[in-house]
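Just below is one structure, and these are the notes that go with it.
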Amino acid sequence: MTIVYLTILGAVVGSFLAWLGRALMDRKEFKPRSACDACRRTLSWWELIPIFAYLGLGGRCRTCGAGILLTDWAMELIGAALFGFGAVQFDASRDLLWWCILSFATMLIFYIDLRWMVVPRAFSVVVAFIAILAAWSPENVAILALSALLGTIFYFFLYAISNGRWVGDGDVALGFIVGAAVTHPMRLGITLLIAHVFGAVVALLLLALKKRQLGDPLPMGAFLLPAMWVVLLWFGWSQ
């Protein structure tokens, strides 16, 4: 039952984080209660049921017919998946608690970077501490520090040689966060490989569909953080 409960909780968390992301980034348009982005009608309680409300409404507002953001629905699915699979990978222990906390924090960065292509600096510092606390153990301090350092150096190098064209300064912070969370340079390498292959495939698809032009930026966090989630769910933490 723990898996079921955490899956439901994850969907609720994903819905909340989408609301919180809009609250932080769209303050002028923000309403304390969830509302349609187009007609600004306050949503009924049943329209806030994670995952199923979107399906029941056909992805559209029942009043004005405007499309509901797919990214918000995706956050509910991602939250359900992260918390549910986390319950499978980590038993009811410290690791499971920290996994949920880390998932919560990194999902917010993921959403903000995906929609606004920004990695909030102040929040990145908080998430960096969360990543360290989540992955830390007396036995892995040195290797964790090395992994975090290598992640930082990798993205700082890309940022420096491209003068910020390839990656942003927020991605340097993400390099530290991911490096600390996966705890080992080998796992960091796997994470970076997954992220950049995933990013390249998405970029090629967007070019083929003429949704992007060559040289248009893509949010690195939208690829790097999912890669980190996959690696952690597969390997767990090295304690």
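The first residue you see is number 1, and the count goes up from there.
A Cβ is built for glycine as well, from the same backbone N, Cα and C atoms used for every other residue.
What TrEMBL says about a protein is an automatic prediction, not a curated fact.
It should be emphasised that the depicted structure is a prediction, and the values quoted were computed from it without experimental measurement.
Features of the protein shown, as given by TrEMBL:
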type: TRANSMEM; residues: 6-25; note: transmembrane segment
type: DOMAIN; residues: 8-90; note: domain 'Prepilin peptidase A24 N-terminal'
type: TRANSMEM; residues: 70-90; note: transmembrane segment
type: TRANSMEM; residues: 96-112; note: transmembrane segment
type: DOMAIN; residues: 100-204; note: domain 'Prepilin type IV endopeptidase peptidase'
type: TRANSMEM; residues: 119-136; note: transmembrane segment
type: TRANSMEM; residues: 142-161; note: transmembrane segment
type: TRANSMEM; residues: 188-209; note: transmembrane segment
type: TRANSMEM; residues: 221-237; note: transmembrane segment
For the domain 'Prepilin type IV endopeptidase peptidase' (100-204), would you mind checking the mean pLDDT of the predicted model?
94
For the domain 'Prepilin peptidase A24 N-terminal' (8-90), how many residues does DSSP put in helix, in strand and in coil?
47 helix, 4 strand, 32 coil
